[in-house]
Amino acid sequence: MEKLTIRDVDLKGKRVIMRVDFNVPIKDGVVTDDTRIVEALPTIKYVLEQGAKVILLTHLGRPKGGPDPKYTVKPAAERLAQLLGKEVKFVPALYGEEVEKAVAELKEGEVLMLENTRFDPGEEKNDLELAKKWASLADIHVNDAFGTAHRAHSSNVGIAQYIPSVAGFLMEKEIKFLSKATHNPDKPYVVVLGGAKVSDKIGVITNLLNKADKIIIGGAMMFTFWRALGKQTGNSLVEEDKIDLAKQLLEQAKEKGVELVIPTDAVCAQKMEAGVEKKVFTCEEGIPEGWAGYDIGPASIELIKSKLADAKTIVWNGPLGVFEIEDFANGTKAVAEFIASLTDKGVTTVVGGGDSAAAVSQFGLEKKFSHVSTGGGASLEFLEGKELPGIASIADKKKQ
């Protein structure tokens, strides 16, 4: 890893301002899923053990350009205190006298959390005045928020113009696994792409046609490919304006010798809800009017397993069906379990964040993959081969 991390700097007695990703679901003032807080614990604990004073910054939700009590990060501070087993001081502000006083009183090994970074509209504009205010509170910046790495905001990118920025453990792990998967994967390298829209994945498919040995398509975007193959898709979700593009991608894959695997059957229903009548239609026969596909069918599951069997590196981004409804979760679950079983055989298995990470945890498989990314949009842009601003802003290691 070519970036400086918290291991590379002296933290004793330093004021450390740390950008974490505590964008967690909250109901009635209580955190309902603390996964993201738990994932930041190793970084926070390490920095505290080194004798630093820690100031935490995070966003939560999408407040409309100003403070909104619904999006306060106070419940996240309370949950963190329980997990750490120590007090987490909370100031309901982002800068100003109250914040400066709290920072001045902070002792080594203590934690202070500031309010939701997005309560200041400058955050998402990468306002440098705002970044300067935060930088003035600390000696060093720790970036452990991979989930926002594809965004240039004041709290992760702007601040690095004024004080040195280093990676936390979570950020380091994300970069390590995703870099390996995108830059020098052990081959055969197989990518599984699901989700509803081809348009969301065009950049990824185009970039991976130069890197992957096989690309497996699933989720509703498979129907745009079925249409490109001249097949009927009934009432399934199809991006009409992307059918020609799907044809081009099929052609490009052929030219580059990359196997683009399209599911051969689908589990269909007349309504997207649990307990309705379901039928399996094949790509060849097509899906009749009034029916729509909501999952890959049994033949597709076997086809996909056979294409994954010899892989040495697997990256999976996007569910293969509407996994939130049990009737249509079978394809995603079967493929997730199969990929998980390959991890034990020494295959590097990486799950992109977002819906695929949610699916993996719904099936209780999150410990069974080499790496489950914490960033949906960020992992997608990483796979597109883009440089992410929130990684570029972290200081580079000096070449020895």
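Note: Cβ is positioned from N, Cα and C throughout, glycine not excepted.
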Quick check: of Arg118, Arg227, which does Swiss-Prot put in the same substrate site as Asp21, Phe22, Asn23, Arg36, His59, Leu60, Gly61, Arg62, Arg151?
Arg118
Given Gly354 (ATP binding site) and Asp21 (substrate binding site), what distance in Å do their CA atoms have, once rounded to a whole number?
14
On a count of neighbouring CB atoms within 10 A, which of the binding-site residues Asp21, Glu324, Asp355 is highest?
Asp21
Around Gly293 (ATP binding site), how many other C-beta atoms are within 10 angstroms of its C-beta?
29
My understanding is the cutoff is Cβ-Cβ under 8 Å with a sequence separation of 6 or more in the same chain; which residues meet that for Arg118 (substrate binding site)?
His59, Leu60, Gly61, Arg62, Pro63, Tyr71, Glu124
Going by DSSP, is Ser356 (ATP binding site) part of a helix, a strand, or coil?
helix
